[in-house]
Amino acid sequence: MAATSRLKGPTEASWIATLLLLAALAWSAYNFSSRTPSPLPFDAPLNSFSEGRARRHLDHIASVGPHPVGSPALDSVHNYLLQELEWIEEHASGKVVVEVDVQEGENGVSQLSVGPFSGKSLAYQGLRNVVVRVRGAQWGVKDETSESWHAVLLSVHTDSVYPSPGASDDAASVAILLELIRTFSLSFPASVGANALLFLFNEGEEEGLDGAHAFITKHRWSDNVRVAIDLEAMGSGGPHTLFQAGPSNWLLNHYVESAPHPAGNIVAQDIFLNNLINSATDFQVYRDVGGLSGLDFAYIKRGHVYHTKNDRPEYVQPGALQHSGDNLEALLRRVVVSTELAEQERVFPPEGSSKPVPYENVFFDFLGLKLISYPFAQAASSYLTLSAILPVLVLLPTIFPSQKGPAYARVTIPRAHFFLVPLTAFLTQALTLVGGLVMAGSRAYLLAVSKPWPNPAYARPWLVVPLYGGAALAGAIGVQGLGAAALRKVLAKTPSISVESVLFRASLLQWFALLVVMTRAGVGSAYIPLLWALAGTLACTVRPKVRMEASLLSTPGFAATALAASLTATAAIGLTDVMNSSAGRFDKSPGASPVYLLEVVISILVAVFALLATSYFLPYAHSKGLKSSFTIAAFFLAVSSIAAGLVTWDVFPPFTAEAALPINLVHVYDTSAQQSYISLSSLAPGRSVEGLVAGLGARFNVSRGSGPDFVTYEVGYGARTVDAVPPPPGVKTEAPSFALLFDHHVAHELETGVKEIDVGMHAGGSRRWALGIDVRRVQGFSISSVTGDGRLDRSSAKVLVPMTVDPVASDSKAGWHIVQFAAGSGPADDFVMKLRIHPDAHVERLNSDAGGAYHTEGRPLLKLRTDFDVTTPHLQAVLDELPVWTTEFGKSTSPYRLAYLASFDFE
């Protein structure tokens, strides 16, 4: 009786060593593709981009500290910017014209239908944008005054979130643009026609993409823009990675041809378009509001410093600015002379659509050497064709037996077993995936419920590999070993049958199936299963020249894994790093998700990558039988258990001074309840607040479901002081208030039966507030700013938010439409709202006098939070006691250190 063929030589140790070799190859490929060029020094030739010179701008801007909209620190940044631009303008070549235009005092509102700001009105007032036009001096008068000139827009934002000095987000990009302007002011390429470069330094990106909206809808040069480039950051290191491109592929194609250090991947674009990360950039405004195509770049490494006090210049990786500057200079010198620039048309999404215009191209870089890009529409049909043809070619050996090559590399399934063998193989592969996911998810769940701190690998991302990758491999190898044993019994009477090759081909068909699913779903990242499927197909069709059954290096599994892993390591490792560093801001509101959810999500992500990346190689773990399979599985389980023990015993603490736990610490004054207290919360899932307050001198009560309502989110899990905290020193002048405004009637009834009322709102001098409007009762609203006493004289009213009919709720379950307001210079203290109450809402006048009171049971009609960048003495006392491994975290929805709450009821 002939036995089933298997590898004769490799031991358990050699299999593990070979897998570690594959992991080292993937890690090397990732590091190689993430390299940055050597920075040029400050005294580099003046006609070249120099990181040394750009660093001077970065250091100065970050040195002013946090500079949010409306702050004196942002005024300092603005003045520095104008000073540097004036110097550049004075020292420009006689063949180049540099024009600086300040867009000041703009009021407006954007209401986006896509992304994290959908269902919100993003209002702004008094913002300042600095726009620089650089062009050749050969223009005639007609070119300067007419609409015949065309421009490439480069955009950055000058503001930071309130707790962060904003070195990477976005001072680094501001510095890059200043150095680019200086470079082009000395040497502007001679262009055919009137083409120019526009450099936009906008305010208010962190508050809701406000400055970009003000430019694209109101600036006199905005109509001349043909394509847009946005520079951003989600971290402080690595290459400036292209993560969104399109919808048109014209500018992308030029980037492909010109960039000396290309870096980009469509994976992040798929994530953004599907709202898997709760974030947005100015590029969304240029695309959806302006109809522009373009490119969006971001730094993504070391993401745990994002929007925290640790976003400092010393954490911006050397070479990061040079990488971006070299690429952009080469790209701009190419496109600004193109006659095709004038032909780029604006494309808008259909009215009322919740999705942007589809992108045209797939893009990803090959080890940072070359950016590969091709149209997705044409590629999709090729993907599906390959998925239909190549699997048949791979399965031909099962129909036409071959006697060539080593036994482990061929499959000759007898026709009697033609259905049983594939069925067993596919079932084995499916259970292998399930086993690995269950093992990794269980490990994450147990860690999350046993420790108060979320994400034990936050400060050390590499820990997810032994923690969850090891657990996944242990579960997968154990399950697959049982399946391999079952296959051997099925093939016991069949000579020269390789169980390893059967499972290899089953893995290959899994990749083809994933390729079909992702292609049909329109996911650009389908190129990843394509590469793995092609690598597997190539490995099983090309025979080794030398028979080396004892060497795993000669197997198709090693060859396919080494090739595909090297090509896709950047996407897989980069995405894992981004998800891990996003752990501190995972929840939209504190306590919104179960304590274990984030850790389980990360573990599943790592497990999926680990199992898919080893799918071709895992079958060779069973060459010496079931005992060998269990031995290897036990090894990886031990590795995972040791890593779990190290994080459980805090040998590797989850947080450090650099990778700190993001928190929100706010002095809250509730005007309705006349309560003053300190609130402590975190957007990181878990029970971190309980561990924090235990070490604080001030008494805090930790609870779920009873935290403050900050309008933009509710604190579902957090702590607040038990003892009374004195009201803020400025409570008498800063506290906001509402008032029903009386003319001749309490409520004016429109012909449709809708009740229309006017409500006055006093913001107490706040330059930043958030207003919640109950869309279950309000059918339409408008907001105007007024000067003086708005209750008596509304002749000075300026429309801030025009009448919005049937406002959409930012959260359909909660039923609130959120208005976020940010002001630069000279904010108005008073606002007037016109509210149209739904005809089914009961309206009752309690008192006909001007001082009549109106109320309703349950939730209010309006709720308001006003913010002040003020640190009260009691808040400072808590700040001084916080451990060094905590940091305040800021975002567009987060309150400042002092927040007032108010509400308005009307029946």
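A Cβ is built for glycine as well, from the same backbone N, Cα and C atoms used for every other residue.
According to TrEMBL, the features are:
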- 149-330: domain 'Peptidase M28' (DOMAIN)
- 380-400: transmembrane segment (TRANSMEM)
- 420-442: transmembrane segment (TRANSMEM)
- 462-487: transmembrane segment (TRANSMEM)
- 499-518: transmembrane segment (TRANSMEM)
- 524-542: transmembrane segment (TRANSMEM)
- 554-575: transmembrane segment (TRANSMEM)
- 595-618: transmembrane segment (TRANSMEM)
- 630-649: transmembrane segment (TRANSMEM)
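With a cut-off of 8 Å on Cβ pairs spaced 6 or more residues apart, the transmembrane segment (554-575) and the transmembrane segment (420-442) reach fewer than 3 such pairs and are scored as not touching. Between the transmembrane segment (595-618) and the stretches 420-442, 462-487, 499-518, 524-542, 630-649, it is 462-487 that has the most C-beta pairs under 8 angstroms.
Where the transmembrane segment (524-542) meets the stretches 462-487, 499-518, 630-649, the count of C-beta pairs under 8 angstroms peaks at 499-518. Segment contact holds for the transmembrane segment (499-518) and the transmembrane segment (462-487), given three or more CB pairs below 8 angstroms at sequence separation of 6 or more. Here the domain 'Peptidase M28' (149-330) has a mean pLDDT of 93 out of 100.
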